[in-house]
Amino acid sequence: MTAQLNPRGDVAVLVPAAGAGVRLGPGAPKALRLLGGEPLLVHAVRRIAAAPSVHTVVVAAPAADVEAVRAMLAPVAPVTVVPGGAERQASVAAALAAVPAGPDIVLVHDAARALTPPELVESVAAAVRAGHDAVIPVLPVVDTVKEVDAGERVLGTVDRAALRAVQTPQGFRRSVLTAAHEAAGDALTDDAGLVEKLGVPVDCVPGSELALKITRPFDLALAEHLLASGA
Ligand code: CTP
Ligand code: MG
């Protein structure tokens, strides 16, 4: 059954899904790889569409797969699919350009974080709604972190207590994300980084271990296990 989005919702979710998945090894673009028999992108969109505030979902798909992705997602939720770009930032910009008038809150969420629970979408959106211009979900860093030089000699130990690992969805007041992308120069891996460059404060909310990014084969194996145990 197709999940209906909320016409009274105030949130648009952009889903960059146009990456190749090089680190996952040879095969289809990552968003189309299977997890429990379904593409990662289907898992991601199903969970986004289950978040009650979501008004619009725009997916940036690999350019060659736009029609296939439209057909694949039609039974999952009513989504807009646009061709992505060569870099993640270009894919996000393409999706942002396709958001209709209406939603004041824009979330950017990696298709690769396929098991992200709807509750995390809601908590990031709620923090933006409460007045924060930019919100990122974070987890504490568990490993000790060292800074090294080009020869792998340790320069020092970074204070772990002050570090956070950043996930998606990252949430923004729409005008702030639009301004950040207009001002963007060099490519960054996260949208909050663009907003920081504008001098806009970025605030953290607790992330979720289920929002892990499926990057390497180990992550896919872990996600298979989590899915099989009910995630
Ligand atoms: N992404 C995108 N457009 C790109 C590159 C990445 O939309 N040109 C998306 C990916 O599809 C993914 C998210 O950005 O959902 C995070 O990127 P990453 O995990 O690095 O995925 P890939 O770029 O596909 O993987 P790799 O870097 O291993 O090739
Ligand atoms: Mg990448």
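Cβ atoms are placed via backbone N, Cα and C, with glycine included.
Taken from TrEMBL as is:
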{"type": "SITE", "residues": "Arg23", "note": "site 'Transition state stabilizer'"}
{"type": "SITE", "residues": "Lys30", "note": "site 'Transition state stabilizer'"}
{"type": "SITE", "residues": "Arg160", "note": "site 'Positions MEP for the nucleophilic attack'"}
{"type": "SITE", "residues": "Lys213", "note": "site 'Positions MEP for the nucleophilic attack'"}
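The two recorded residues Lys30 (site 'Transition state stabilizer') and Arg23 (site 'Transition state stabilizer') have their Cα atoms spaced 9 Å from each other. Cα separation, Lys213 (site 'Positions MEP for the nucleophilic attack') to Arg23 (site 'Transition state stabilizer'), rounded: 12 Å. In terms of local Cβ density within 10 Å, Lys30 ranks first among the recorded sites Arg23, Lys30, Arg160, Lys213. Distance noted between the C-alpha atoms of Arg160 (site 'Positions MEP for the nucleophilic attack') and Arg23 (site 'Transition state stabilizer') is 27 Å.
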